Amino acid sequence: MNDHTSSSDFTNTGLPTSSLGMVLQRGGEELILEKVVDRFTVRPVTNFTPEQLSHVIWATWQHTIPQAHLELFTVLPNQLDSAMSQARSAENVAFVGHVYTIKDYPETYVYLNDQITVQFASWVDSTAINAITSEFGLVKQKPVQGLPHTFVFLVSKQARENPLKITNQLQGFSEVLAAEPNILLKSESHYRPSDTMYPDQWYLNHKGGHQLVAGSHISVEKAWDITRGVRSVVVAIVDDSFDLNHPDFQGSGKIVAPRDLKNNSFLPVPGQGETSHGTACAGLAIAEENGKGIVGVAPGCALMPIRSTGFLDDESIENIFNWAIEQGASVISCSWGASAVYFPLSLRQRAAITRAATTGRNGQGCVIVFAAGNANRPLNGTVYEKNWPSNLLAGNTNWLNGFSLHPDVIAIAASTSLNKKAAYSNWGTNIALCAPSNNAPPVLSFQHRGFVNTQPPITATLHGLQILSTDQIGAAGYHHSDFTNNFGGTSSAAPIVAGVAALVLSANPDLTASQVRFILQETADKIVDYDPDPQLGMQQGTYNHNGHSQWFGYGKVNAAKAVQAALKLRTSLSSASKQIRGENSRQLNIPDNYPQGIKSAITIDQSSTIKELQITVNITHDFLGDLEIYLIAPNNQRVLLQNRTLGRRTNLQRTYTMRSHPTLKQLLTFSAQGTWQLWLIDHALQDVGQLNSWSLVIGH
């Protein structure tokens with residue numbers, strides 16, 4: 001054992017022993033919990049069904065929480081302890097846990113998982129880590145990517161205490177920087193119900209009319225004069241489900257790498273009788289231009305539909321962003337948040353988002369967009385609450401939206417067709433931008449009550465048009481047609497911004513995620529609302545000396561200005577006074593599962609010194625995720641242009657530059673003369689394709 005470690009070497013946690021099981025360590029904060037007296041969760045061993053559990057547990061089975069493999073049981077309050085004790089003694093039970101609520105937020109149910117995240121100080125070696133964690137019955141599962149000296153541990157059946165007590169005790173070790181249990185909370189969609197259809201899509205472009213103020217749209221038509229999006233830019237929409245048969249999601253290469261994390265499949269479609277919030281969100285961002293129905297902000301871009309689990313535990317969030325990274329998402333749009341008033345992110349959740357924003361898109365970063373929410377409350381602040389039904393909230397209430405506060409997230413508020421604040425739109429210093437949406441009273445979703453109007457009630461008439469988007473085909477969904485004109489909330493504002501981000505990347509794929517954010521904010525329209533808020537009375541519709549408004553962020557997104565700015569920043573060969581161009585248009589078949597691959601050559605006769613490089617490829621393949629692509633220089637130096645991250649995409653038309661792939665800079669100052677080769681390798685069976693053409697531009 002390391003000299004610094006012993007079972008008695010605790011720093012002062014500030015917690016009495018009696019409180020160890022009632023404090024949740026979360027994102028550097030301590031949240032006070034209260035036990036729910038009539039329910040608990042059980043994780044059975046593999047292949048042991050809820051029906052079988054019901055025969056050995058003295059409780060009533062309610063439902064499954066599939067992503068955590070937990071079964072929820074209810075009992076009479078005076079039978080809770082005995083039922084849980086009996087469940088723990090059952091041979092076929094791996095884990096038993098209380099259900100909690102967060103103090104002062106009784107509708108926020110918290111479910112414990114059997115995972116704990118621990119971040120150790122840099123000087124703690126593996127021997128000391130094993131000594132500390134084994135003392136608590138923890139088994140190391142995996143490191144947390146992006147967080148040094150941080151690991152996920154499983155709470156084994158040999159553990160003598162639950163994850164809450166263990167993490168609070170670990171906080172007392174000087175070797176431990178942070179310890180958190182993995183918890184589950186339900187997610188909520190930030191939706192507020194309230195081409196032939198293009199004239200009705202006022203939020204894209206309009207020329208005035210009833211309840212339409214000049215400039216309340218996003219000026220998309222001028223952006224479309226430059227680009228309507230390209231398939232290589234993929235927008236991941238993370239939501240409840242998607243009607244993948246909708247006509248506006250059809251077209252070659254339109255749908256890329258679909259994933260259903262709820263049912264662990266690759267078909268994220270709604271179940272029987274379910275509405276599909278994701279269908280409407282996806283349509284706003286990328287609905288195809290097909291001469292009928294609606295058109296999305298970026299109709300030429302591809303859709304990566306990801307169905308979430310419906311819960312916001314660490315594993316679920318990691319799986320969402322890992323899939324998006326691995327399958328080549330360019331933009332990630334999330335029109336949901338925690339079904340909770342106060343929700344700080346965990347260590348692992350913060351790390352997952354950071355990883356996507358910094359390592360996604362071949363190191364340029366995924367652009368991550370989140371809806372700010374529809375309660376008309378601060379993203380981070382205190383409001384004195386009163387007159388809520390059943391006193392759900394009362395007195396000084398702290399509000400916190402962990403997703404919108406993440407520094408790599410673009411948090412989106414909502415404006416109306418009159419260029420005013422939408423009455424429901426959340427606000428605060430972390431709002432980045434706003435986008436057009438509907439207008440309606442503010443609401444908050446509670447886990448067991450559903451939508452509840454926030455207080456006090458709004459008595460004024462709320463003006464503004466609704467949002468038109470895609471809906472499930474036929475009678476299922478929000479409307480009996482294939483479209484809904486009753487969509488809205490920050491749920492619709494977020495995918496509109498995601499679509500604009502996709503247009504920006506279509507115009508300039510060399511931009512980093514942070515550059516895209518900068519462009520969107522710098523080119524936004526500074527809409528102003530001098531009216532007091534109809535519910536809370538404050539006035540935050542103007543801008544401070546930094547150009548920021550608590551209601552609108554840096555302004556309403558402007559697609560035309562953003563795309564034009566992206567073009568100005570486009571990687572050019574301006575630093576090189578001359579250019580050498582070469583192209584090979586001979587089509588070559590790519591052999592299936594052939595490690596030697598194929599090579600296509602371009603010969604350059606000039607002996608000039610390389611100052612810039614730009615390689616453009618055109619490839620079709622049944623499953624591009626099988627391929628690796630290299631550039632081989634005349635001096636036989638090899639540079640990896642594309643690893644196996646393209647997933648189910650079938651068309652690749654992409655330009656690789658020194659900005660997008662800094663490893664190309666190793667070829668600077670060498671002679672351009674000689675034979676350049678593009679080397680393509682298929683690493684897996686079944687799917688085949690061809691190299692259609694490639695070109696090389698050398699600045700000298």
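Placed from the backbone N, Cα and C atoms, the Cβ positions cover glycine too.
In the three-state DSSP assignment, the secondary structure recorded for ASP239 (active site, charge relay system) is strand. Residues or ranges marked as active site, charge relay system by TrEMBL: ASP239 (among others).
What TrEMBL lists as active site, charge relay system is HIS277 (among others). The DSSP secondary structure for HIS277 (active site, charge relay system) is helix.
Reduced to three states, the DSSP call for SER491 (active site, charge relay system) is helix. The active site, charge relay system feature in TrEMBL is assigned to SER491 (among others).
Confidence over the domain 'P/Homo B' (572-700), given as mean pLDDT on the 0 to 100 scale, stands at 87. Feature annotation from TrEMBL assigns domain 'P/Homo B' to 572-700.
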Which same-chain residues, if any, lie at least 6 apart from ASP239 (active site, charge relay system) yet have Cβ under 8 Å of it: SER189, SER276, HIS277, GLY278, CYS281, ALA282, PRO305, ILE306, ARG307, SER308, CYS334, SER335, TRP336
Neighbour count (Cβ, 10 Å) for SER491 (active site, charge relay system): 30
Residue counts (helix, strand, coil, in that order) that DSSP gives for the domain 'P/Homo B' (572-700): 9 helix, 70 strand, 50 coil
Cβ neighbour count (within 10 Å, all chains shown) around HIS277 (active site, charge relay system): 24
